[in-house]
Amino acid sequence: MSNTATTESHISSYPKFIGRSLWLATEGSFGFYAWMTMLTAIFLVGANAWANQVAGGMVGTNMTDQVSWGLYIANFTFMVGLAAGGVMMVIPAYLYHDRKMHDVVIIGELLAVAAIVMCLMFVVADLGRPDRFWHLIPGIGKFNFPISMLTWDVIVLNGYLVLNLHICGYLLYMRFLGRRPNPVWYVPFVMVSIVWAISIHTVTAFLYCGLGGRPFWNTALLAPRFLASAFVSGPAFIIVSMILIKRLTGVIGLDQPIATLTKIIRVTILINLLMVASELFTEFYTGGSHVSAAKYLFFGLHGKTALVPWTWTAIGLNITAALLFLWSGILSERWRPLLITACAMAFVGTWIEKGMGLIIPGFIPSTLHEIVEYVPSQLEWKVTVGIWAFGLMIFTIAIKTALPTLKRPIH
Amino acid sequence: METSKPSLPIVENFSRRAAVKGGFATLGAAAFVAAVSPLRQAAKNTTAAEFMQQHYTELSPEQKSDVIARLETEAKEKHGVDVHISDDRPIPGTKFVYAINLSVCNGNGKCVEACHKENNHDRTTNQSYIRVIEMPKGTMDMEQGSTTYTGAVPKDDKFYLPVQCQQCDEPPCVDVCPVKATWKEEDGIVVVDYNWCIGCRYCEAACPYHARRFNWKEPEVPAEEINPDQGYLSNRVRPVGVVEKCTYCLHRTRKGKLPACLEACPTGARVFGNILDKDSNIRWILENKRVYILKEELGTKPAFFYYFD
């Protein structure tokens, strides 16, 4: 209503903004085109694998009635964490008024958008009947709210997506118009998004920990553990992205946010390890049949050991990364390769721990104590890698669109 | 910048780049369509009527009979068999419960086989709603048991624990379903609308008794082996990609017959009936025998009991 100052109405300027963004997102160096072509190719392989899965039934996966969730749900769970992890930029920027972080906070918000899109894709990939997806839509389908935790997850994930799309979209649009963003239109949403980020991972943990028949998941520590590990994997991914953005695009002012995030991981990675240790103590000291799944995960059960190498790899990566983060030298610019290594280790370690390392032992032994092992099929890997490629495409394009904002922040 | 008049070469350059980008976008879109072309095959198997079908509890009597007629026609086309699909509703004043005498059951597995045939289970995976656990005497810990036992039964040092859907009064599977595709009916039977289930398998994760099965592929049953007496909510041949479960053979029991697994049991270990009927055999057993409930501590309140002589 107070838009009398603008010479152009939003009806004509918004499409221009979208067009301009699209144009900008598809401009780049040879390296950029090569990167996007590679991601497209990988995504197409995944799309084809998924289409085959839908046409031929989920028999193409290696899931069974005993292990009825696998690689897709493992990645879904991890991705929710990645989406929530971006909030570790938002909190310093908006609650602690860290100016440098504020200038580049959009990176975390755009990561949330890409990660949530991947979450939704992993859920759809896991559905036996994606053609009946509309049954899940409130109003036209039959939404089992509030009893089913999955309906809560549908709400919080889509809500988080919309929140972040709005915040990023508004800031970029204002930038395009050359106007100062009006805090009324985005700061309240940012505050909501902070609480919302916590909620997406809490609700996702509740999906599992509310099931009495699955002792491995049935622990009150699951949601706090999810959050702690999310605040490792999210910042780790963002640090590496920032180092790349700095090197490839010349955006300045990233070093201080990198240092802040490094200091955050330094704490969260230890909290996560503490919680894992606490969980393991309770399991193994108590003993009994409750511990079977943990035994299977760490040492194998009745000669079945498929997950053992994965778990110990994760433990090794997480502990090594934790030690590297504790070393003060990691903050210096000289040691950037080491910081990248530490971030990669923490990222992969969390991916194993919260992915396969969490989902699969929930099913082994089964509720009737059968031990049926699970190793993802080639089709599952193709679909999974395809979704990752798509997510990286979204993230790349989003960052490119945001480059003018990142290069010259409006104060 | 945008207001200054661009000179001709730049415009030309712009449109050339736009054309190149558009070309690649078209190429990408075409490649995507090619990549997902197997979906066309899947789409052929789903008719518009099936896609639009409403939830079982929201179908009017006319819609229900249309749906059943469609399913019968499809069965004829697909399997070449005339099947009859009934829509048996709960009998008022009935609450079905099941009991198994563990002192008598000898692990012969006839119930497993009878379920396989009665419920039109996939032949290639030898599916059944019942699993029998061979347990060493002296424990009730299923960790000690085996579902893959072989050899002559009964073995002296073992007893046998058949497990199927416990038709819980507090069913975790029903709570977790995001689309209400599974629910508990008035006679206590937990059912699935196979035409509404989206195949997320959350119920399979939630069930503490491994009672649910997923159709990982299109079930295969040879025409001559198909049981033509079918129920919409029970033993009709299931679609691919949905979850199914034991329904206490509701297409039989709601007509006054006994479940197939009970009829097949040669030992007489299985007892089925209406717990609300004071004179029923099952009522007498539950009141007078030593009764054991599987995973009672989970609070699922099964309508399935194990007892000992």
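Cβ coordinates come from backbone N, Cα and C, glycine included.
So that you can see what the record holds, here are the features copied from TrEMBL:
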- A:30-51: transmembrane segment (TRANSMEM)
- A:71-97: transmembrane segment (TRANSMEM)
- A:104-125: transmembrane segment (TRANSMEM)
- A:145-173: transmembrane segment (TRANSMEM)
- A:185-206: transmembrane segment (TRANSMEM)
- A:226-245: transmembrane segment (TRANSMEM)
- A:265-287: transmembrane segment (TRANSMEM)
- A:307-327: transmembrane segment (TRANSMEM)
- A:339-364: transmembrane segment (TRANSMEM)
- A:384-403: transmembrane segment (TRANSMEM)
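Remote same-chain residues near the transmembrane segment (A:30-51) are listed as 125, 248, 379, 382-390, 392-393, 396, 400 (criterion: CB distance under 8 Å, separation of at least six residues from the stretch ends). At the 8 Å Cβ cutoff, the transmembrane segment (A:339-364) and the transmembrane segment (A:307-327) share at least 3 close pairs (sequence separation 6 or more) and count as touching. Contact between the transmembrane segment (A:384-403) and the transmembrane segment (A:71-97) is supported by 3 or more Cβ pairs under 8 Å, counting only residues 6 or more apart in sequence.
Remote same-chain residues near the transmembrane segment (A:185-206) are listed as 77, 80-81, 83-84, 86-87, 90-91, 94-95, 109, 112, 149, 152-153, 156-157, 159-160, 163-164, 166-167, 170-171, 222-223, 225-227, 230 (criterion: CB distance under 8 Å, separation of at least six residues from the stretch ends).
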